[in-house]
Amino acid sequence: MRSDTIKQGIERTPHRALIKGTGVPQSEMAKPFIGVATSFTDLIPGHVGMRDLERFIEKGIHSGGGYAFFFGIPGVCDGIAMGHKGMHYSLPTRELIADMVESVAEAHRLDGLVLLTNCDKITPGMLMAAARLDIPTIVVTAGPMMAGRGVEGRRFSFVTDTFEAMARYKAGVIDAKELQVCEDNACPGMGSCQGLFTANTMAILTETLGMSLPRCGTALAVSALKRRIAFASGEKIVDLVRNGVTPRQILTRAAFENAIRVDLALGGSSNTVLHLLAIAREAGVDLPLETFDILSKETPQIASMNPAGEYFMEDLDAAGGVVGVLKQLGGTIKDSPTVLGLTTRELASTVESVDERVIRPVSDPVKKEGGIAVLFGNLAPKGAVVKQSGVSAPMMQFEGTARCFDSEELAMAALMGGKITSGDVVVIRYEGPKGGPGMREMLAPTATLMGLGLGDSVALVTDGRFSGGTRGPCIGHISPEAAEGGPIALVEEGDRIRLDIPNRKLELLVDESILAERRSRWVAPEPKIKTGWLARYAKVVTSAYTGAVTTAE
């Protein structure tokens, strides 16, 4: 065992003394040492229930014959960090989390890991660490929140009933009393936000990848099932250690293709593009950005999930969960191993029935193509990403007038000030991985766009990214970004921009000679943040089309 490095031999007397100083008895020293990386915090509703899950994981580890050690991992709530300086830190924490898990596991020679996670950047950061370390690992996602409940059966969700409600109030569609009702009911308790936003999409993809047990991706945070899954995960990690099953045996090219297909079939968050690219890189799997679009063209969207659709995570779980989606996708799913020991196809074969009102058959899809499309053109030579499942039919092809803003705050001021009108294309730039820095989510502008009723007449393009709660004609991840001198930096007020999602095009309708002249006089702006770790991050982070990872190269 790896932990024998710190447990065996006369020269390890000091190490054993320190371990015994934590209360570990001699009788337990020969057992596998299992690290439980817990991202508990009472700052985030998605993580407040983790103390309970920690107990069940620990019980499972002891039942399986291991010894559990807990260590803490930070968590940032994107919703709370949204719309201010805090959002600069969200995506970069993904890298910090991966580095922290690696550091603790290597420094203490842990035999295996249980990664307790839930919200947006924490789950991919944990998975990056698992792939990098390649020691036996299982992931427990803490589960989605229940829908908020109102009179006459009304169900509330976080994004629709907060960010979009705020804009509806500003537009005079609802009054202050209704806005207060939304605020009080949008988040009824523990769990990740109720729709197919980034946290829940990543939980689903973690299960699809084979890194968590069946139903873990959809079982509600408040459920007894979630606690049983936590216990079973604790037992299973000891089995994985004894059998030498490691993440790179599970995180194969086939596993990533399966995850992408499930993401596309459900209409998941566009953030998953960044995260899957980053995880694949750590796993040594070649996964070009174009893969998402290739699979999108042959994978129908078979569920209508909130925020763009009607169903919540609790509906998806009751309808069959991830294995139900695998069953409906049938032969397009490749056989790939999982931590349970069964392959993906074997798991799908165990499903007896699926609620086809929620998870439709591929013969009767919600849309013929998957939820995400990758666009290219002279505005995005290295690509851009759109969650096409959230775009209305009239906006799938659109041409409009550029309105340019060099930060999210400036764009929000224009939107809330009534300065954006039908036919505009809102351009938000210098918000990429380097330029932000941190590639902030543009949820406030996109939700405002929808709340003001402009979702069928105004598009938004950015080198930043979007929340999983975003819907509407919003194109992000434009690469190269403005801070690197990408074409988005050359757009000027009044330019015409053409969006053509069916044909995967994003074009700036300006003659190349004019763009060349603009390029000759372009000067990179001063960094927005010059001190602290974000200043270091901006120097080493890569472009969105490679996953916005940090590298020493």
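From the backbone N, Cα and C atoms, a Cβ is placed for every residue, glycine too.
Site annotation (Swiss-Prot, ligand Mg(2+)) includes ASP120, LYS121, GLU441; from ASP78, ASP161, ASP406, ASP495, the additional listed residue is ASP78.
In the three-state DSSP reading, GLU441 (Mg(2+) binding site) counts as strand. Within 8 A of the CB centroid of the Mg(2+) site residues ASP78, ASP120, LYS121, GLU441, the other residues of that chain are VAL76, ALA81, MET87, SER90, LEU91, CYS119, THR198, ALA199, ASN271, SER467.
For the binding-site residues shown (ASP120, GLU441), fewest C-beta neighbours within 10 angstroms: GLU441.
Taken residue by residue with DSSP, CYS193 ([2Fe-2S] cluster binding site) is part of neither helix nor strand, so it is coil. Near SER467 (active site, proton acceptor), with the C-alpha within 10 Å of its C-alpha, lie none of the binding-site residues CYS119, LYS121, CYS193.
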